[in-house]
């Protein structure tokens with residue numbers, strides 16, 4: 001006891017200050033580590049925000065996972081019940097949860113309260129038998145739900161209520177006997193659902209009188225192949241209509257659409273639905289309703305717009321009605337403001353405005369064939385005047401720029417041709433030619449060098465011959481050659497004498513004794 005009493009006071013003095021802080025950190029880490037999140041369990045493989053815990057015989061989610069993961073894979077385990085405690089940690093950033101190939105038989109309310117931001121949930125290949133109401137109510141942003149390869153035989157109408165962002169729903173490989181029309185009509189319909197896979201169930205018929213209520217963009221994504229349909233001309237007409245409309249749900253699985261033709265209560269024969277002359281179904285006995293997407297029509301503000309019903313059932317026995325974006329019924333011979341419907345199905349909009357844009361549904365009802373068809377047509381309204389003035393302004397700017405460039409080019413060419421200044425060499429040459437011409441005229445009148453001139457003076461002087469004889473000399477000139485200095489004179493060279501001449505030396509060539517030599 002005394003030893004302990006004496007050693008405890010000396011312990012703080014024996015530990016250095018730096019080591020003391022390190023020791024405190026180690027103690028805190030050891031105390032917190034069992035309950036801390038962010039560690040990777042031994043049964044999982046972690047890669048930053050992706051965790052895979054597949055085939056590890058788990059019955060629930062490990063509690064020490066990193067809370068900011070975005071993808072969690074729990075496939076091939078033995079999870080059997082999804083309750084409020086099966087995920088002990090709140091994963092606020094988890095967007096993909098995969099729990100396929102487990103033993104899930106039931107899902108309780110609040111099972112996904114810790115994963116509110118899930119966008120993709122995979123519960124395929126389990127043992128679910130039904131989908132009850134409020135089962136997925138916490139998943140407000142869920143976009144993809146996979147429930148294929150279960151034992152589901154019942155879907156509550158409110159099972160998917162609240163999933164306003166759900167786009168894809170996989171229910172293939174279950175035991176459904178009815179087509180889930182509640183997904184498209186009614187209180188709990190899913191407006192964004194564009195893909196529904198109910199293939200390979202136990203659905204024997206399609207509600208033809210309600211399928212026409214499904215919008216065209218959703219109807220295109222319904223997959224029905226692999227179901228044991230009962231052979232019926234209306235079903236054949238429906239699938240043929242989809243096939244001609246190039247719906248991928250039919251064109252990609254053409255040979256998987258079959259039906260059973262019952263010969264008696266015990267024997268049946270399986271037939272391909274999409275084949276020519278199926279059961280000799282004629283157009284007069286077809287009974288069904290179809291819905292498809294039509295074209296996009298462009299209308300201009302204030303200009304009359306005519307929209308035709310893009311239907312395939314129109315003939316003399318067909319009645320047409322239109323439904324506007326505001327659910328207003330437009331019928332022939334009824335006053336509906338600036339709308340008018342003709343008996344051939346055409347819709348005329350007088351003086352359309354921006355408020356008239358939207359999706360218009362044309363419903364064609366064939367009395368002879370008992371066939372209804374609904375076509376959705378998108379009408380866009382734009383202001384053509386504004387667009388036209390804008391384009392006209394751009395065209396004017398382009399034309400003006402081109403014209404200005406042409407005028408500038410022409411002016412530059414004219415300046416180059418007529419206002420180009422003469423170079424100095426050209427000016428000197430002109431002056432020299434003028435000087436030579438004047439000297440040529442004067443040289444005819446100047447006397448030749450005297451005989452008594454010195455040799456140096458003779459060398460310095462230059463003889464010049466500039467005479468051009470007339471071809472027809474005039475009579476009375478004593479055979480003399482008439483000089484015409486005003487004609488063209490060729491000056492071979494004019495060099496002034498180094499000796500300056502006085503005025504007395506210049507005499508008229510007529511009185512000069514020096515003979516003239518005419519050049520021919």
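Backbone N, Cα and C atoms are what each Cβ position is placed from, and that goes for glycine too.
Across all of the domain 'LRRNT' (38-67), the predicted model scores a mean pLDDT of 88. Residues or ranges marked as domain 'LRRNT' by Swiss-Prot: 38-67.
The feature N-linked glycosylation site is assigned by Swiss-Prot to 57 (among others), with sequence analysis given as support. Long-range neighbours of residue 57 (N-linked glycosylation site) (same chain, six or more residues apart, CB within less than 8 Å of its CB): 77, 78. Annotation note: residue 57 (N-linked glycosylation site) sits in a coil segment as assigned by DSSP.
Spatially close to residue 103 (N-linked glycosylation site) yet at least six residues away along the chain are 78, 79, 80, 126, 127, judged by Cβ distances under 8 angstroms. Annotated N-linked glycosylation site per Swiss-Prot: 103 (among others), in sequence order, evidence recorded as sequence analysis.
As annotated by Swiss-Prot, repeat 'LRR 4' applies to 141-162.
Look at Swiss-Prot and you will find 280 (among others) tagged as N-linked glycosylation site, backed by sequence analysis.
For 287 (among others), the entry in Swiss-Prot reads N-linked glycosylation site.
For residue 344 (N-linked glycosylation site), the number of other Cβ atoms no farther than 10 Å from its own Cβ, over all displayed protein chains, is 12. Annotated N-linked glycosylation site per Swiss-Prot: 344 (among others), in sequence order.
Swiss-Prot lists 372 (among others) with the feature N-linked glycosylation site, giving sequence analysis as the kind of evidence.
Around the Cβ of residue 380 (N-linked glycosylation site), the same chain contributes 296, 297, 298, 299, 357, each under 8 angstroms and 6 or more positions distant in sequence. Positions annotated as N-linked glycosylation site by Swiss-Prot: 380 (among others).
Sequence annotations record features per position, and here Swiss-Prot assigns N-linked glycosylation site to 383 (among others) based on sequence analysis. Using a 10 Å radius centred on the Cβ of residue 383 (N-linked glycosylation site) and all shown protein chains, the other Cβ atoms total 13.
The N-linked glycosylation site annotation in Swiss-Prot covers 387 (among others).
For 420-520, the entry in Swiss-Prot reads topological domain 'Cytoplasmic'.
Taken from Swiss-Prot, the feature region 'Disordered' covers 437-458 (among others).
Per Swiss-Prot, region 'Disordered' is recorded for 498-520 (among others).
Look at residue 103 (N-linked glycosylation site): DSSP puts it in coil. A distance of 29 Å separates the Cα atom of residue 383 (N-linked glycosylation site) from that of residue 344 (N-linked glycosylation site).
The DSSP secondary structure for residue 380 (N-linked glycosylation site) is strand. Summarised by DSSP class, the composition of the repeat 'LRR 4' (141-162) is 0 helix, 5 strand, 17 coil.
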